[in-house]
Amino acid sequence: MTNIRKTHPLMKILNDAFIDLPTPSNISSWWNFGSLLGLCLIMQILTGLFLAMHYTPDTSTAFSSVAHICRDVNYGWFIRYLHANGASMFFICLYAHIGRGLYYGSYMFQETWNIGVLLLLTVMATAFVGYVLPWGQMSFWGATVITNLLSAIPYIGTTLVEWIWGGFSVDKATLTRFFAFHFILPFIITALAAVHLLFLHETGSNNPTGIPSNMDMIPFHPYYTIKDILGALLLILTLLALTLFTPDLLGDPDNYTPANPLSTPAHIKPEWYFLFAYAILRSIPNKLGGVLALLLSILILIFIPMLQTSKQRSMMFRPFSQLLFWTLIADLLTLTWIGGQPVEHPYIIVGQLASILYFLLILVLMPTAGLIENKLLKW
């Protein structure tokens with residue numbers, strides 16, 4: 001009798017995806033982040049569900065309902081901070097996962113990569129609308145500033161902004177619809193993640209060398225299930241340490257002040273995981289230009305497979321490209337730092353230079369390095 005996991009229609013799908021999946025024998029810990037993202041998504045949906053049971057999406061009660069969750073609900077403070085810091089862990093894993101894809105040339109699986117970019121945009125949208133829900137000062141002003149960027153679109157901009165707001169300012173209608181979006185988007189993310197996996201399993205995983213590994217595969221279970229469990233334990237340990245010792249480390253103190261349309265905070269800034277894009281937006285002294293640069297800073301990922309000039313897929317054996325890759329990481333960290341600073345000298349010029357370098361590295365320097373390395377192969 002054949003094992004039920006290989007014959008049952010549902011079990012067969014799970015078996016082919018997580019048990020008998022042929023996997024390269026040499027994939028490193030950088031390949032752990034996919035499963036960690038799945039874990040983050042499950043945790044966010046569960047903690048979010050329990051928060052939604054006590055939260056009220058209404059301008060008059062939203063802030064106090066969050067306070068009620070933290071004070072009166074059993075372990076409500078714990079669920080709330082797990083959810084808030086879980087978002088940070090989600091983005092850490094997301095950026096590591098994308099970085100791995102860039103370094104090892106995983107973007108050559110184009111369908112998988114493009115759905116990944118779509119996933120990134122959806123997660124960013126979810127995090128943005130979620131940040132508005134506690135209805136603190138930074139929630140309100142963040143929503144006002146970011147939605148207002150759409151008014152830079154010629155002709156239809158203003159109408160579009162008012163349509164999204166549901167009125168002439170960020171108000172009750174905006175909060176209600178943002179709650180609806182924040183509830184539905186994670187399920188859309190789950191569906192997209194399933195398609196992401198579907199396309200990945202059409203080709204099989206890439207590996208650190210970037211060389212096809214068809215002749216050297218091992219079953220996913222037990223080798224990588226145990227490795228994923230170790231990664232999951234480390235993720236949970238980090239999340240618990242963050243939540244229980246410094247729950248407000250990554251948050252903004254302004255969000256503990258209820259939203260007030262009559263008082264603007266001194267420095268409006270998004271959560272840390274959006275600061276690099278915010279810095280690029282601010283570095284261009286023109287509204288439409290800034291919005292386009294902001295969009296392009298993320299959408300540039302779609303063009304990366306087209307910018308591949310090297311004959312080698314991975315950067316493992318390409319020292320020049322490695323140097324440029326780590327320069328890009330340093331540049332993104334610089335942009336993240338600048339995004340959190342006030343708009344004054346010297347931060348303005350540093351932000352502008354870092355923004356120029358960001359696009360220069362991806363569009364010019366890295367493809368050029370690939371061509372130079374191709375020449376070196378002939379020596």
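Just so it is clear, glycine is given a Cβ too, placed from its N, Cα and C backbone atoms.
Taken from Swiss-Prot as is:
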BINDING   His83, His182  heme b b562 binding site
BINDING   His97, His196  heme b b566 binding site
BINDING   His201  ubiquinone binding site
TRANSMEM  33-53  transmembrane segment
TRANSMEM  77-98  transmembrane segment
TRANSMEM  113-133  transmembrane segment
TRANSMEM  178-198  transmembrane segment
TRANSMEM  226-246  transmembrane segment
TRANSMEM  288-308  transmembrane segment
TRANSMEM  320-340  transmembrane segment
TRANSMEM  347-367  transmembrane segment
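Contact between the transmembrane segment (320-340) and the transmembrane segment (347-367) is supported: at least 3 Cβ pairs lie under 8 Å, counting only residues 6 or more apart in sequence. Counting only residues at least six positions away in the same chain, the Cβ atoms of Gln44, Thr47, Gly48, Leu51 sit under 8 Å from the Cβ of His83 (heme b b562 binding site). Taking every listed stretch (113-133, 226-246, 288-308) in turn, the largest tally of C-beta pairs under 8 A with the transmembrane segment (33-53) is reached by 226-246.
There are 14 other Cβ atoms within 10 Å of the Cβ belonging to His201 (ubiquinone binding site). Taking Cβ pairs closer than 8 Å, the transmembrane segment (288-308) reaches residues 98, 102, 105, 107-108, 110, 113-114, 117, 120-121, 124, 149-150, 152-154, 276-278, 280-282, 355, 358-359, 362-363, 366-367, 370 in its own chain, all 6 or more past its ends. The CA atom of His201 (ubiquinone binding site) is located 17 Å away from the CA atom of His97 (heme b b566 binding site).
Sequence-distant contacts of His196 (heme b b566 binding site), defined as residues of its own chain at least six apart whose C-beta falls under 8 angstroms from its C-beta, comprise Thr112, Ile115, Gly116, Leu119. Here the Cβ of His182 (heme b b562 binding site) has 21 other Cβ atoms within 10 Å, regardless of which shown protein chain they belong to. Each residue contributes its Cα atom, and for His182 (heme b b562 binding site) and His97 (heme b b566 binding site) these two points are 23 Å apart.
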